[in-house]
Amino acid sequence: MPMKSYIPYSSESHFPIENLPYGVFSTVDDSTHRIGVAIGDKILDLKYSKNVFDHPLCEVFQQPSLQSLMASNKNTWSQARKSIQSYLSIENRGNLENGVFWDQNEVKMHLPTTIGDFTDFFSSYYHAYNCGSLMTPDKPLADNWKNMPIAYHGRASSIRISGTPVVRPIGQYLKNGQVTFGPTEMLDYELEMAFFVGGSLNSLGEPIPTNKASDHIFGMVLLNDWSSRDIQKWESYFLGPFLSKSFSTTISPWIVTMEALEEFKTDNFKQELTPLKYLLHDIKYNFDINLNASVRDQKSQQTHSICNTNYKYMYWTPLQQIAHHTINGCNLQPGDLLSSGTISGPKEEQRACLTERTRGGRIFVDLGERKLKFFEDGDEVTLSGFCQGNGYRIGFGNCSSQILPANNLA
């Protein structure tokens, strides 16, 4: 049976007492950035609420970001979660007087920490295969793909919180065989999930093995890795994407902890080749998370679902991603963000970017009154996700952005 809180919410709420994700927010009358926990449609203000934590945990939650909490350890994360869960449980309804609560729709959300580095993996088999089929149909997957988690280093400075508009990027690309400069004509999304790195991390030159990797995963968010496909196609040979990706990345504001996701672990994706020893692990570290992407057309104000997929289609696990990321001695830091790559499934409606759905722009996605290839100015793209429990959900909220016209080149 679901646990109960004195804060009311429905069984379809993304934020029951079983979840308790962390975020950073401010209010109209107080611009101070502070840590909160989502419960129903409320936020428990962990800076100003009384008697939630004992010292020294109390000091961690006086900070303006989650950096100190991320930099602690799994025992501290678990202790904090237990304290908050107890504070909000129906048995302690007297805390309604001690707690400071805000409506989620009356606050401003911020990035949860200063993101030091951003790595974007390419870890979904179906996404890799579908994209490879467009570029090299005779050999969709490169020889290295089933041997190691492929990734590139992204741009942390352009990561923004949900609700931040995305300005259509400008760059150069081929059009009708000619080099063209101007706003991208092939603006795409990628439905991804990412985890924040935490814990006491590795020194330079010290790899993190798979059996220690889970100690360094603080929690997960939704991530939209915005992409300009025409710019990407032109610039990527040899070193991969650059301007086609670095203009904007959007994340959801609430970090769902790994402890909240524990019940929703599922079998790891069956890997066709046995990985090298440093990538092997026996434990389950895959998750049954339902994922959706939708677009709202500015002209018609109609919202259309464009993808329904699931995190469980990830070929490489987060443990393997960390082990590979650090095997050369690369040091990770608390607050680093590591993303999954586009999470596509085996069915047509599970293709998690427009490039896959439209076969590189050759066909349309039929939305009734609109035939969609790539996004137009004014479109609002929303990602959402949740795990379905017995009478409750562990949700991630939404990750949304509206597309604005490109800046004037004059």
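Count begins at 1; order follows the chain as displayed.
Every residue gets a Cβ built from N, Cα and C, even glycine.
Remember, predicted model here, so these are calculated numbers, not experimental data.
Counting every protein chain shown, the number of other Cβ atoms lying within 10 Å of the Cβ of H127 (active site, proton acceptor) is 29. Residues or ranges marked as active site, proton acceptor by TrEMBL: H127.
Cβ-based neighbour count (10 Å, all protein chains) for D120 (Ca(2+) binding site) stands at 25. Residues or ranges marked as Ca(2+) binding site by TrEMBL: D120, E190, E192, D225.
Long-range Cβ neighbours of T342 (substrate binding site) (same chain, at least 6 residues apart, Cβ-Cβ under 8 Å): S124, H127, E190, L191, E192, D225, A352, C353, E356. Here TrEMBL flags F122, Q232, T342 as substrate binding site.
If you look up TrEMBL, you'll see D225, K245, T249 marked as Mg(2+) binding site. Within its own chain, K245 (Mg(2+) binding site) has D120, G154, R155, D225, W226, S227, S228, Q232 as residues 6 or more apart in sequence whose C-beta sits under 8 angstroms from its own.
Annotation source TrEMBL lists domain 'Fumarylacetoacetase N-terminal' at 18-112. Mean pLDDT for the domain 'Fumarylacetoacetase N-terminal' (18-112) in this predicted model: 96.
The domain 'Fumarylacetoacetase-like C-terminal' annotation in TrEMBL covers 128-400.
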Exercise. List the other residues in this chain whose Cβ sits within 8 Å of the Cβ centroid of the substrate site residues F122, Q232, T342, in sequence order.
Key: D120, H127, C131, E190, D225, S227, P241, G341, C353
Quiz item: Between F122 (substrate binding site) and T249 (Mg(2+) binding site), what C-alpha distance do you get in Å?
Solution: 16
Practice problem: Compute the centroid of the Cβ atoms of D225, K245, T249, then list the same-chain residues not in that set whose Cβ lies within 8 Å of it, in sequence order, for the Mg(2+) site. | Solution: D120, G154, R155, E190, L223, N224, W226, S227, S246, S248, S339
